[in-house]
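See below for the structure under consideration.
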Amino acid sequence: MHFIAISINHRTADVALREQVAFRDDALRIAHEDLYETKSILENVILSTCNRTEVYAVVDQIHTGCYYIQRFLARAFGFEVDDIKAMSEVKVGDEAVEHLLRVTSGLDSIVLGETQILGQIRDAFFLAQSTGTTGTIFNHLFKQAITFAKRAHNETDIADNAVSVSYAAVELAKKVFGKLKSKQAIIIGAGEMSELSLLNLLGSGITDITVVNRTIENAMKLAAKHQVKYDELSSLPNLLESADIVISSTSAQTYIITNEMIERIAENRKQDSLVLIDIAVPRDIEPGISAITNIFNYDVDDLKGLVDANLRERQLAAATISEQIPAEIHAHNEWISMLGVVPVIRALREKAMAIQAETMDSIDRKLPGLSERERKIISKHTKSIINQMLKDPIKQAKELSSDKKSNEKLELFQNIFDIEAECPHEQAKQQKESKVKEISARRIFSFE
């Protein structure tokens, strides 16, 4: 069995292509089932976000498995197989495990160290698990990856520092006010940066937010989308009298907020602090306003300095997390190697306990007068003898897990003890056959 990961992401395809290869949420369960029913696939998890579409799979053959996954993606989105090959990257074995660990911990994200991907990986795994397309390997590996990512984030605080301008804007406001939940905010503009700033304000706990824009329809649309207030740009002077935070991002060629405007409203603000954050180029807020008492004015250069410093902190944290990945891969490989040993040990124990049971039956027939106490003592001691006899063989079997010729030696081990253990590959194939029947039955039932 082999583990492969096929990824279409921000490095391999531009956003125009990524938009065309994203699964709708309501189509993912069927997609999991369709892929699982494909030849060569033994387990699979599909991850589909705005920045990546990835298929993780356990396959019986690498080349065949890759082809059928690429064909599955091509058919799902109306591409040729060669198109999918050109826009994706393929990871196999240890590289695939490393890829999953890096993705889950945010090291492979556009925004280094972001935590949203962890939840998305978890949701993808849970969906696959509930659909029935995961088995022994992925049930272990994905839990390991999720646990690793949680620990990495907790130990390094990689996600604590803002590395986007819109997020940094909110962080600056926090430096002035501390908690923002009770504050009033104004968003000037209705474009992409304004929406990102609005989302970050909502994420900080602020609910009293007003969107203002030169075109009132655009302000109305953005406000309705996020259930906040809106107003005309001409109302800005009045709104400023009670606002605590203003984030401005327009394409205006003249200042939206001037020194004169702030001086006029400052008299009515009773020395309350006002944070003005200008993320527009050219600037929306006239320079020099910060000279007025309790007015804090930041422009895009101030934000860039904060973002750059925070990015350096994240890069250091990312390096620390990366150093931990080889140990995780090693732990996974050790666990995988034990998969072939466990059935052998189980078969050996079962045979030994069967012999012990036969021996006790023979003793019962030959010594029918034994009391229950005497019988328990004999049973206990025969089991103890068996455990002592099995101790060294079991130890040797476990050591074979790391041997390069483990399969051959485990087969010899089974021949010596005259036992037969089912290999993990056969178990996986049987498990798949059973689950495919369940999926087919489920579909027939749904159709009826």
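Cβ atoms here come from the backbone N, Cα and C positions, even for glycine.
According to Swiss-Prot, the protein has these features:
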- Cys50: active site, nucleophile (ACT_SITE)
- Thr49, Cys50, Asn51, Arg52, Ser109, Glu114, Thr115, Gln116, Gln120: substrate binding site (BINDING)
- Gly189, Ala190, Gly191, Glu192, Met193, Ser194: NADP(+) binding site (BINDING)
- His99: site 'Important for activity' (SITE)
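Each residue contributes its Cα atom, and for Cys50 (active site, nucleophile) and Gln120 (substrate binding site) those atoms are 11 Å apart. For Met193 (NADP(+) binding site), the number of other Cβ atoms no farther than 10 Å from its own Cβ, over all displayed protein chains, is 19.
All protein chains shown were included, and the count of other CB atoms within 10 Å of the CB of Cys50 (active site, nucleophile) stands at 13. Distances between the Cα of Met193 (NADP(+) binding site) and those of the recorded positions Asn51, His99, Thr115, Gln120 are shortest for Asn51. The binding-site residues examined here are Gly189, Gly191; by Cβ neighbour count within 10 Å, the least packed of them is Gly191.
In sequence order, Ile187, Glu195, Leu196, Ser197, Leu222, Ser249, Thr250 are the residues of the same chain, not among Gly189, Ala190, Gly191, Glu192, Met193, Ser194, whose CB sits within 8 A of the CB centroid for the NADP(+) site. Annotated pair Ser109 (substrate binding site) and Gly189 (NADP(+) binding site), C-alpha to C-alpha distance, rounded: 28 Å.
Look at the Cβ of each of the binding-site residues Thr49, Asn51, Thr115, Gln120, Ser194 and count the other Cβ atoms within 10 Å; the largest number goes with Ser194.
In this structure, Glu192 (NADP(+) binding site) is part of a helix by DSSP. The recorded positions in question are His99, Ala190, Glu192, and the one with the fewest Cβ neighbours inside 10 Å is Glu192. Taking the Cα atom of each, Asn51 (substrate binding site) and His99 (site 'Important for activity') are about 15 angstrom apart.
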